[in-house]
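**Q** Found this in TrEMBL, in case it helps:
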- B:448-460: compositional bias 'Basic and acidic residues' (COMPBIAS)
- B:461-471: compositional bias 'Acidic residues' (COMPBIAS)
- B:448-471: region 'Disordered' (REGION)
- B:22-44: transmembrane segment (TRANSMEM)
- B:64-90: transmembrane segment (TRANSMEM)
- B:102-120: transmembrane segment (TRANSMEM)
- B:145-165: transmembrane segment (TRANSMEM)
- B:217-244: transmembrane segment (TRANSMEM)
- B:256-276: transmembrane segment (TRANSMEM)
- B:296-316: transmembrane segment (TRANSMEM)
- B:336-355: transmembrane segment (TRANSMEM)
- B:367-386: transmembrane segment (TRANSMEM)
- B:406-430: transmembrane segment (TRANSMEM)
Amino acid sequence: MSTEDESFHPLGQEWENELETMLDDTEYDSDLGMQMAEDAMRVTKGELSEADFHEKYHDDVMEEFGVDDRPTEEAYEEAQKNAGGFAEMLKSVDSDGEESRRGMMKKMGAGAAFVGLGAFGASEGGSESEPNVAAAQEGDDTEQDVQWGMAIDLERCDGCLSCVEACAEENNLDRGVNWMYVLDYEDNGVDTSRNRLVRPCQHCTDAPCEKVCPTTARHTRDNDGLVLTDYDVCIGCRYCQVACPYGVNYFQWDEPDITTEDIEAQAQEEMGDHDHDSDVPHDHMSDERGRWVDSRAPRGVMSKCTMCPTRQDGGMGEDAVGTTACEDACPPDAIQFGNMFDDNSDPQTYADNPARGRALSDIDMSVPSADALEDDLDGADDDLESVLEASEDLDEEDLRIMKAIEIVTDDFGEGDDSHTEYEQNIVEAFDALEAHGLDLDSEEVLVGLDLADEPDEDEEFDGPDESAAQTVLVNEAGEPSSNFQLLQDMGTNPNIIYLGNEPGPQAEQVDGPVAYEDVEADLADGSSVPLADNRKEVLDEMTVGDAGVSL
Amino acid sequence: MSTKTPSEDDILRPMHTFTKKYVLLFAIAALALGAFLVGWMYQLQQGMAVTGLSDWGSGGGVTWGLYIGAFIWWVGIAHGGIILSAAVRLLGMDRYMPVARLAEMLTLAGLSAAGFYIMVHMGRPDRMVTSIIGHYHITVNNSPLVWDVTVITAYFVLTATYLGLTLRYDIARLRDDLPSFAPNVGGKQLPDLLAPVYNVLTLGYTKAEDKVIDRMVWWVALAIIIMAPLLLHGGVIPWLFAVLPNYPGWFGGIQGPQFLTIALTSAISGVILLSYAFRRAYDWDHIITDDIFRGLLLWLGFFCLLFLWLQLQQLATGSFHPTTDHADATASKFSHPMYVGPMLMVLGVLVYIFAQTIRPSLFSKGRAIAAGLLVLTATLVEKTYFVLSGFWYPSFSIYDGSPGEYFPSAIELLSLVGTVGMVVLFFLVLSKLVPVVELHAVEHLRGDHGHGHEHDHESVDESAEQPEVEA
Ligand code: SF4
Ligand code: SF4
């Protein structure tokens, strides 16, 4: 039992605090809840009988929740009538994961949360055995409020393979192990430059690879939904690769080219001076739970795109949280990585309004700094025309787009995703303009920028016209032909949203603008190795008795 | 054609002879297994890259190949074997009693070969126990691979029990005539090493238990007959593939029955070959009679028919108005030699078997053997093609590297020779220890159980001689 921190719960003090906050959010008595949760733990440990527990709290619960609160009462009754008591009841939902557990709580009302929360960590062991401390220590039962994922704008991808290279470098991958893969394709004979697919692992919410794994090596990290492979557990049966409909898995068929020592040395060097979280191991291989899930796989086990857990765990410093190597490397900013549960994250806002996202990313280079604006505007009049004339880096078109972005964006400049930084740059520029005396929300400016209708004589000015702003952005940046998830009918619930053309069932890969062999990755041992498109060609060198023929 | 009346001596003969041929066969089988073990060691040392496999998708290959094809094949033989023997006991098909134990032993041998293939196929076989057992309570809910391991283990235990139960009867009666092995090591005389084995097998045996054992065997047989189609080759083995919607060639409910027919055809073929080998080696013409071969052939024909019928279903549904991914998968079947070849082989066997029922003179043991060999080859090739074709024609077939390339490496091919060697060794050793034909069968043939044995013998003689005249 991990009782050192005086917490009654095997998940520790942190969980307990979280529990308390959660109860605080309900309209019910937190103290009673905490006390009940504590006693619930005692029941699961066998220190308190269930009958006593029910006895002790029945009246309190009835009083607290009242008879009118049907779901609550039902939940409590349900728990009582269940043969094994609530621990058993909770156990029955345990294996279905966090989501359904939360769903159940919602369904049964706050009452269930109230009486049951404390038992979750112990639910595995049931009422007669020790709480499942192992599971608790692994963090199996923590709340998931983050689901990492991406929005990928296929129409902006120029096929340069920078992301593929960055991924290989970040993870020290063998040749042909293309966790990130970019391909051009022909669909029904039509080949346009827009037919391109960027294909990392989709980090599916309902991942078939995880479902079929005979060892739980392939698993979903509870706190952030990353689908990872525990390299210490995997037996290399390759069933995950078979079950994944996207073909994103790469088995480590032989001894990897880069040693773990090289990887660790590189990690020490690169991660050393960051303000990294001290809990996170420093080797770019173990994640915050201490499981070996990051960087290239060792021999005989499975690997695939990880979405950079070391970064997400803060191992590369706070700035790297919420970024991936491929996202950072993409010159046209086609990859947006972030929290899919958060409507204001980069991927969600981008997918929600791609024209806005594109325009924002394009305009960032042209947004003048506040200082430059101040200098330029010194002495100029404060009407729109004079301001535009006086400032060197700001023309009417740029200002129109900047303003249009602001108009269509809720909570402009708030948050900490990378697109919000772009927004903040605009906010600063706007502040400089306002300080100079230009009222950007005035009729003069908005009408002048074609972002509002001029009111009729007897009407009042009714502010910016959102649809006009949107049209400005669409005209500027264009809108993707569609917004899709790959192989949606496979029921995988992928966490990647694509913008652009969806490949049809007859799509066939064709050569892209840049050949894999022409791009070199710099690896941890100091070597520079060209990428390889087809791994089989690399592996054939080791095949015993390779006849050079195929069945 | 020595004696015409089956006797205890007949079934004890394998244990009392030791011929040059035996030694030679033993040496060849051991060499085959040894050669593969060396290959496997090399694979363990170098990694799976020594195979012809690669990743499907951009990896340009297939991730499962001959190892898995051969795995299914051996499990099929094993499962079919046990179904055959259970049918004999359950349905009172006394005619096949002399080969029932061979079928049971084939099951154990086949399951061992299949289990071995699982190990050989893994990237990290050293973790099998810790990783699978350690998370069993979680993975058993979802992973078809875990179901497979579970069911294969369960069946191994069940079959071993079954065999052990029926062996008690024989060993208790034949104990005095069973071999002993008391080697003299460096001038020191060791006690009989086999005696403890027999003693354990017959622990607490009394004649009174025969009836009880009979009933137990009957119930176990019932369990096998029910569970085999539901769980084994009609269940968890096909489900490894049939539950994955991303491979049109695999997905769907037909794989259960389809796999079952493959199991039965290959198991009957295996029993035909085994029976023939034992009959020849130990002059058992009067025990494993031509009549048995004729009967087995007929069953083989029946299951070949089912096999082709279910293939036909898939060809029809895959080509009438298929979805794009299905169309590719089915089109490949019409043209790929690894599919067309096996179909023609099975069809040929079917035609022959039906022809020889109409004109009995067409029967010969040589042809029966050929039919068995053809079917075994066909099922191995078809199953391997089945595995490969999944990766060749996935739903998401956008990759340039798909269909991927594959040719089994020397080590993979050697695994076939090695596992056949392993199974042969299994029989060579076992036949020196226990009777491979049950005492019951001999008693039955003799008419000890009150059957009209005069008549039986005539037909035995006839059928034994007839084909030689014709052939
Ligand atoms: S894409 Fe989905 S199924 Fe495939 S490996 Fe990633 S999480 Fe698993
Ligand atoms: S290869 Fe490893 S991760 Fe994949 S299914 Fe097998 S054990 Fe699980």
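In case you wondered, yes, glycine gets a Cβ from its N, Cα and C as well.
Automatic, uncurated: that is what TrEMBL annotation is.
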**Q** Using Cβ atoms only, state whether the transmembrane segment (B:217-244) and the transmembrane segment (B:64-90) have three or more pairs under 8 Å that are 6 or more apart in sequence.
**A** yes
**Q** Pairs of Cβ atoms less than 8 Å apart decide it: which stretch in B:22-44, B:64-90, B:256-276, B:367-386 has the most with the transmembrane segment (B:406-430)?
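**A** Between the candidates B:22-44, B:64-90, B:256-276, B:367-386, the best contact partner of the transmembrane segment (B:406-430) is B:22-44.
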**Q** Six or more residues out from either end of the transmembrane segment (B:64-90), which same-chain residues have a Cβ under 8 Å from its Cβ atoms?
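**A** Residues 51-53, 96-97, 100-101, 103-104, 106-111, 113-114, 117-118, 120-121, 152, 155, 159, 162, 217-218, 220-222, 224-225, 228-229, 232-233, 237, 259, 262-268, 270-271, 376, 379-380, 383-388, 391, 406, 408, 412-413, 415-416, 419.
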**Q** Residue list, the transmembrane segment (B:256-276) vs rest of chain: Cβ under 8 Å, 6 or more residues beyond ends.
**A** 72-73, 75-81, 83-84, 98-99, 102-103, 106, 110, 228-229, 232-235, 237-239, 242, 288, 292-293, 296-297, 299-300, 303-304, 306-307, 310-311, 314, 346, 365, 368-369, 371-373, 375-376, 379-380, 382-383, 427
